[in-house]
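Chemist: Here's the feature list from TrEMBL:
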- 2-135: domain 'EamA' (DOMAIN)
- 5-24: transmembrane segment (TRANSMEM)
- 36-54: transmembrane segment (TRANSMEM)
- 66-86: transmembrane segment (TRANSMEM)
- 98-115: transmembrane segment (TRANSMEM)
- 145-161: transmembrane segment (TRANSMEM)
- 173-193: transmembrane segment (TRANSMEM)
- 205-227: transmembrane segment (TRANSMEM)
- 234-256: transmembrane segment (TRANSMEM)
Amino acid sequence: MRGFWLALAAYVIWGCFPLYFNLLKEIPAIEVLSNRVIWSLVATMTIVLVMGRFQSFWQLFQQRAMMPWLILSSLLIGANWLIYIWAVGQGRVLEASLGYYMTPLVSLFLARVLLKEKLHPLQAIAGGIAAIAVAWELYSLGSLPWIPLTLALSFGFYGLVRKHFPVDSLNGLTVETLWLFPLALLWMGWQFVQVDVDLAFGEDLTTSLLLFASGILTAIPLLLFAAAAKRLDLSIVGFIMYINPTLQFLIAVLILQEDYPRNVW
């Protein structure tokens, strides 16, 4: 049951993310992402040091066979973050929520095909119904829904990778943000030397605090999710995830007032 509650907490926090990142919609997505990576690394590294986990963290770099998987998971979660931040900033939270409705289906497919996990009959029925509903939504959109597809695939494969290499959630996330850190720092440095470009961080106290807090808010649900993925079957983790897109959908419609075609949703 502990794994269930960890997953539930992670998905509720993620479900409320549109409210937070909507406050940063005037800032370019790549700049928000760079701040998110930098401050996530600061947050996770601080936790590693405070908890006395630096030795186990450092030992990961001595396991060369594991590094390609950690680099892959870093790229997957980095791509997921960037696309999601951009979607929220463009007022396309509904499309993002569709992506996270699709993610459990990706998880089910990966669990069955790659991991050979057995599905409960009710899981198979529910998955089939969800697949039909998502297929209809994709057909009704009338164009390639790249936002939902990339979000679903990137996070689905991220969950698969995180489940199957023996790294605890804290050290794993710290290494992932460490791999992304040079890219974020290079982009921020390049922007800093541009004469006609002003970085949002440091512009005012509110914006700076929001960008700083994005690292902490990023670390918390990812740590919860990674811990839950170790304790639960990937197929179960995928079904609990429907809480996330449902909350995002409700926020998009009821609070952010996004328009949506009723025949699609």
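The backbone N, Cα and C atoms fix where each Cβ goes, and this holds for glycine too.
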Chemist: Can you tell me which recorded stretch out of 66-86, 145-161, 234-256 has the most Cβ pairs within less than 8 Å of the transmembrane segment (5-24)?
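Modeler: Comparing 66-86, 145-161, 234-256 against the transmembrane segment (5-24), the winner is 234-256.
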Chemist: Looking only at the recorded stretches 36-54, 66-86, 145-161, 234-256, which one has the largest tally of CB-CB distances under 8 Å to the transmembrane segment (205-227)?
Modeler: 36-54
Chemist: With pairs closer than 6 in sequence left out, are the transmembrane segment (66-86) and the transmembrane segment (234-256) joined by 3 or more CB pairs under 8 Å?
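Modeler: When sequence-distant Cβ pairs are counted, the transmembrane segment (66-86) does not touch the transmembrane segment (234-256), since fewer than 3 lie under 8 Å.
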Chemist: Same-chain Cβ contacts of the transmembrane segment (36-54) under 8 Å, 6 or more residues past its ends?
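Modeler: Same-chain contacts beyond the flanks: 78, 81, 85, 170-171, 173-174, 177-178, 180-181, 183-185, 188, 211-216, 218-219, 223.
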Chemist: In the domain 'EamA' (2-135), how many residues does DSSP assign to helix, to strand and to coil?
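Modeler: Going through the domain 'EamA' (2-135) residue by residue, I get 113 helix, 0 strand, 21 coil.
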Chemist: If you average the pLDDT over the domain 'EamA' (2-135), what number do you get?
Modeler: 85
